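Participant: Mind having a look at this structure? Questions to follow.
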Amino acid sequence: MTDLDHGSSLSYNADNAESTEASGSWLAEHMAPVRQLRVNVTDYENIIEPDVWLQVIYTSAALFFVLSLRGLSRQESAKMGNIYGVIGMLVAVIGTLVSPFVYDRALWIFFVVCVPPAVLAVIVAMLVKMTSIPQLVGALNAFGGLAATLESFALYFSPYEVAKQEAMQSVGETRYLQFQVYQTVFYLIGASIGMITFTGSLVACGKLSGWIASKPRVMPLRCFWMPVVLALLLAAGAVAGVLGLDNVPVGTVCLSLCTFLSAVYGVCFVLAIGGADMPVVISVLNSGSGWAGVFAGLTLQNSIIIIAGAFVGASGIILSYVMCTAMNRSLCNVLLGGFGDTGKESNAQAFEGEAKIATSEQVAAYLLASQSVIIVPGYGMAVSHAQFAVHELTQQLRERGTQVRFAIHPVAGRLPGHMNVLLAEANVPYDIVLSMDEINEDFPQTDTVIIIGANDTVNPAAQNAPGCPIYGMPVLEVWKAKKVIVLKRSMRVGYAGVDNPLFFYPNSEMLLGDAKASLQTLLTDMQDKLDAHPVEASRLSSETQTNKSARIAVNVAGDKSAKQEKPHGAAADKPDATEAAGTVGVTVTGSGAPGEVPPVAESAPPLFFVGVLKERRPLERRVAMTPSVVKKLRELQLGCIIEKQAGVSAGFLDEQYMESGALIADTAEEVVRLSRVVVKVTTFECAEVALAKPQNDDEQSSRESTEPPLPALATPANKEDTGLYPVEGNGKGHRLLSSEKVFVAGFVGPNTATSEVSADSAPEGEKGKLSPVDALLRSALAFPQVTLISLDVLPRLTISQKMDVLSSTAKLAGYRAVVEAISHFGRLMGPEITSAGKYPPAKVLVIGAGVAGLQAIGDAHRLGADVRGFDVRLECKEQVESMGGEFLAMTFEGPGESGRATAGGYAKPMSEEFLRKEMELFAEQCREIDILITTASLPGRPAPKLIKKEHVDTMKAGSVIVDLAAPTGGNVEVTRPGETYLYNGKVTVVGWTDLPSRMAPQASEMFARNIFNLLEHMGAGRDFSVNFDDEIIRAITVARHGRKTYPPPRKERDPENTNAGSALLTGSNTDAAPVEESAQRSENLWHLVQKRMRNRWRGIVAPLDILTILVIAAFTALFAATAPPSFPPLLFIFFLACFVGYLLVWNVAPALHTPLMSVTNAISGTVLVGGMLGISARAYQTLDKESICPHNHLGPLEPFYCHSRGTAAITLNAIAIAVASMNVFGGFAVTQRMLNMFRKSTPK
């Protein structure tokens, strides 16, 4: 008697057997024990308790997998993350082995089929070269897909499943029939995805290894036969599912056909993808192994397989999305197999020019003269195994004090993060290896960029050549550096097949040859140069590695001192009396000896000084420079001179400035005379500009004889002043002249100038009639050496946002307006329920949705107020609502009336109907609101009067009006600029004109950072210039060289050149213009839809969130209505695992994407748990007998079914275990090996 004969619930009832014999069903008679077993199992009898404990074990394993992925968020915790993954896998496997579901026979089979492949996988993982990691990851993807496919086949051939389904059909209940349908669908989908992953990964490995050509191979008539293959795949799967387990011959043929078609699709799918796109296809296949595991888990109703597969699937999808975004590709095209061919000829691939070929000696000289170097590695570095030579170069440069960093493109190499692994193998510290987003902004400040084997990822055509295959792809903007060195074997194109115009750029040079050999020669040449000049090398190393005290001396003798020759040698280090005579006294105090400058952090000596004048306007408390930004100026090789007590009103003492390395001058005259750039917050006085007047020899001599020498330093000699001032557009007016002074103010207001003013116009008697702006402009024009810049006319460009003083000032003004309103309101802003009663929220109206208005709306909303916002620009509606306010819109009967004033805001005239509606809206709101904040202003014009006196009369007693437009007259008729008073005894009107100044410390810090960004944009210390070719600098320059330069000339667009992508482009396609314009409109529409879908209503939820929830809810409801009761909990586990995996994988560091793929491959090996359960099914002991074989029913497959069907299922499960064990052990081993290579810089 077998195990099935024991136990009351599993015993075989003889009476029941006799009744079945009477019915004439031979198969039903011999399947009765199994039928009774499966019904009882489905009813959770006799097995519920051990199943609960196994689920607890699987939950623990899943938690370890979560910790594993979480550990990959940064390099420091990555090793422990991999160990957590190993622990989770051990928990799942051991828990399954000791569970009641695995019996004696399964134990020895498991160890026999698992241990040898595991040992082999570990050996391969320990010996594989890091340059071959992409091939190894592809092989692991293949193993994961194959294991899932084998388990689906094993399930199909399992007599245990035959018996189960026969028993369910005999019961006749709907839930059992539903179970059959869903299980069949799941194992067919799992087998198909697994086979696509398997064959696709094999082809990918072949392409990566060079066994298969990397060029895309698109089959003829692909658009026709690919849908046919998919249709046949679905049809074969449907037949196999309907007839498979009951009609063995037909089901076997259909299942084999389904698998074959999946294999064909996988091969064709990857063949159509070019070698440059391998990072994406590897990620997609990695995801495929995960989804195959998910369906295997749903088929077996095993939670740990579902969870692990969801983690792997989410990881692959996210990496695929990241790679597609980095390559400007569509993920949908990848999944449909149409990724390898764009379907059209490129019309912009031909570039002309002459590349400059550099020698190794020249490159060595460039590097030795550079203070900052960025190295951009590509796949060429991996091919030539040059990573160790790169490390030697990095080490040598860093020992000399050169700043060396690495820039990694997301798709550099053949795998996400592959370059990071190669550099880690060569002991390059991971903290100097940065991603594209982290380092792209630093290229303009970089002396030299070295490109090693990269092409498409540094191609400027991606930004300026519409029509080329890589146009729109984010690239490393290496061409913005001062010097670019390209190490390449030849001038051939990259994998994308696009010429690279970077080779022809004037700042680019080519060093042709094998990367490894070229780097070794370069290292030798650098060492030879250092050996030839040991004194210079020692001096450079000493200056960059030792903290020095800042010794600052300023040469102010002008051209006279510039022409004097300074002696060389040791005597040159000591300032002599003649040199000291050309300096002026500057107050310097500290802990050291008198006249000694306090030590500051290591930095290069300043090339010139930035002078900061004290603000002299009444109520102005701000200062143009703060101590924290003074320290940052040293990064630009700029010094700073502060007028005495300039920062006291803002809370910054002179001692703080000196501790930061600044000098303190007693008078404004000294600040202007010693500085090249002079800054103020508001505007300059005419007398301050006049201080820039050059001194004659008598004045200079008198000063030299009376003033003590300036302690500290000498700057490079000034250029000789020829007295000639170049005109705009001749290409010679960018560099500053020796005596030129650049005056930078935040709020000059050049758009309020009343007339054109020249240097010799306007009689002396009319000067008093000029406005302050006109008077300042006249003073600036009177001195040709003065350049006047005003930041309040900064153009609205993306790159100019970091210099936008108006936005930073307006943000503070909006915040301060709410604070002022609260202080005068004297009540709670938000709703409150207390023991004393209920208090409603304050009602606030903000007019104007600019920076200040939106800030006020957001701050009032956060305090709980009921906020309304109004602006004539209807496009501000979303911005107001995103800050928590209700947008007040006016309705009109006539078409187009509502939008007539929206384009230009209050700057354009409005119709009478619009004004009438606006006044009605304000009248209605003023009767309700408690606080009114107005922010509408017009550049260079008085503020519009929006709130009339009659509106204020209707406001409630205790109401508050804060008019931010008070400096230009105010938006409220009763506003008194510069004053706060009580109107009619009931409404407080705040008309302060200095609201930003009332937050002087914060406002000064923000303004100083704007100035720092401006100086950096203008070239910093070394390349500082007033470049009129720069759109921003041209727009904010008010006067230069005795000429008025504001407003800048209007830019006229050439209609014939609107589609030009590059000056070097030789190919063009004029017919493509309408198509591109149409595509651009469609793209803009799609982006608009995406933006609207993502915008959150009142900051809570977005339409896209709601749509996603509704789709998931509808799918879950449909699933629950049609699936058996055991499946909905599995669906919940699947969704939860996908969400957790999504959150975890997005936080993985880009440098660890390759270890992420290998560790997820290891986690996908949990499908071996299904194989373990498959080889231990109890029913095999009964069904592997000839006595239950239905003779003459199976045709040629009768011997296979009757004698070996159970053995075939066990064999397939055993092979699946062997394949999955290679995934598990190989994945974790190679991951640990890679993570052990990542090291941080050693502090010196």
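Glycine is no exception: its Cβ is also placed from the backbone N, Cα and C atoms.
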Participant: TrEMBL tags one of 557-580, 749-772 as region 'Disordered' - which one?
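Facilitator: Range annotated as region 'Disordered' by TrEMBL: 557-580.
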Participant: Quick test of the contact rule: Cβ under 8 Å, at least six residues beyond the ends. What residues does that give for the transmembrane segment (185-204)?
Facilitator: 138-139, 141-142, 144-149, 151-153, 155-156, 212, 233, 237, 240-241, 255, 258-259, 262-267, 269-271, 278, 281-282, 285, 288-289, 291-296, 298-299
Participant: Can you tell me which recorded stretch out of 52-69, 108-128, 1127-1149, 1208-1230 has the most Cβ pairs within less than 8 Å of the transmembrane segment (304-324)?
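Facilitator: Comparing 52-69, 108-128, 1127-1149, 1208-1230 against the transmembrane segment (304-324), the winner is 1127-1149.
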Participant: How about long-range neighbours of the transmembrane segment (1156-1177): same chain, 6 or more residues beyond its ends, C-beta under 8 Å?
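Facilitator: Residues 61, 65, 68-69, 72, 81-82, 85, 88-89, 92-93, 96-97, 101-103, 105-106, 109-110, 114, 133, 136-137, 140-141, 143-144, 147-148, 150-151, 154-155, 158, 160, 282-283, 286, 289-290, 293, 296-297, 300, 302, 304-305, 308-309, 311-312, 315-316, 319, 415-417, 1145, 1148, 1209-1210, 1212-1214, 1216-1217, 1220-1228, 1230-1231, 1234.
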Participant: Please figure out which one of 52-69, 140-158, 280-298, 1127-1149, 1208-1230 racks up the most CB pairs under 8 Å against the transmembrane segment (108-128).
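Facilitator: Between the stretches 52-69, 140-158, 280-298, 1127-1149, 1208-1230, 1208-1230 has the largest tally.
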Participant: Spell out yes or no: are there three or more C-beta pairs under 8 angstroms between the transmembrane segment (1208-1230) and the transmembrane segment (52-69), with each pair 6 or more apart in sequence?
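Facilitator: No, the transmembrane segment (1208-1230) does not contact the transmembrane segment (52-69).
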Participant: Which residues of the same chain, at least 6 past either end of the transmembrane segment (140-158), have a Cβ under 8 Å from a Cβ in it?
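Facilitator: Residues 187-188, 190-191, 193-198, 201-202, 204-205, 240, 244-245, 251-252, 255, 259, 282, 285-286, 288-290, 292-293, 295-296, 299-300, 312, 1158, 1161-1162, 1164-1165, 1167-1168, 1170-1171, 1174, 1177, 1205-1206, 1208-1210, 1212-1213, 1215-1217, 1219-1220, 1222-1223, 1226-1227.
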